[in-house]
């Protein structure tokens, strides 16, 4: 119970960080007509670069920055690209499709994440895990129903098909990024993950920012309120990135993604005061359903499949005569096996 409570609290902390990024982005868009998702992500990657990439730069040995780049730079380039484009495509999808479609289709990342964890991380699920995921998705469906009843489904968008495809693509890229993150933090280190994502994320988002958002940035009428909202977004995103590896190491990427399904509900509660949303009792019900599914998932740990053992040879010829013999007790003599030029075997004991 202590582990489950700790997991629930950590998951909800991540949801609050995501809520902070959503509320600040929406406030910038609605109050100041500022739509610059790549600039906002770029600031976060720069913060990761300044903190964690710098730490790697001062390290020596196998976990130094140069050694990591030499051994696996192309892997982190792929990871950085997936992470940057996941953030961009989900935000971009809101311009084409409805909030309801984004909330529903974004859940596509959970089965993709479970499939990748099965093949890459060798995670093995039980029946209770699939039931828990189904319960969480039922909670999301309840939340979407509450949005429709409260009139938050928004307009149809300019091109629903493009928006839906962007959501599916973003959810899949998030799954790739999260599985890679789980592998790195559990087998390498959290600092390495954050440092390399900061490095390649800064490069990729910086180039993309210069190409697709330079005109939008030029149109921003900067003042202290806009600057404060950008700073709040950057701090929330930075907090999300530095704490998520900690939570993933304690649990798993799938568990984290189930826990942060409540982020939309926290955003709604803030929206009741900031954007005057209509309240529905179904929101409370959806929160309870998601939390029940999340706790159910965390109640039973997943298993890890053991790698298939290589078959051992059964022959007992000369090739096996040099195998090391295991001692059954301390009185067993040490056996030395030597081969002479004419293939005879000389055995001596100490």
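Cβ coordinates are placed from backbone N, Cα and C, and glycine is handled just like the others.
Features of the protein shown, as given by TrEMBL:
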{"type": "TRANSMEM", "residues": "41-61", "note": "transmembrane segment"}
{"type": "TRANSMEM", "residues": "73-90", "note": "transmembrane segment"}
{"type": "TRANSMEM", "residues": "102-121", "note": "transmembrane segment"}
{"type": "TRANSMEM", "residues": "128-149", "note": "transmembrane segment"}
{"type": "TRANSMEM", "residues": "161-179", "note": "transmembrane segment"}
{"type": "TRANSMEM", "residues": "191-212", "note": "transmembrane segment"}
{"type": "TRANSMEM", "residues": "224-244", "note": "transmembrane segment"}
{"type": "TRANSMEM", "residues": "256-276", "note": "transmembrane segment"}
{"type": "TRANSMEM", "residues": "282-300", "note": "transmembrane segment"}
Candidates 191-212, 256-276, 282-300; stretch with most C-beta pairs under 8 Å toward the transmembrane segment (41-61): 191-212
Recorded stretches the transmembrane segment (102-121) and the transmembrane segment (224-244) touching, at least 3 CB pairs under 8 Å: no
Leading stretch by Cβ pairs under 8 Å, where the reference is the transmembrane segment (191-212) and the options are 128-149, 224-244, 256-276: 224-244
Chain residues in Cβ proximity to the transmembrane segment (256-276) (below 8 Å; excluding those fewer than six residues from its ends, i.e. six or more beyond): 7-8, 10-12, 14-16, 18-19, 22-23, 26-27, 30, 103, 107, 109-110, 113, 132-133, 136, 139-140, 143, 174, 178, 244, 247-248, 283, 286-287, 290-291, 293-294, 297
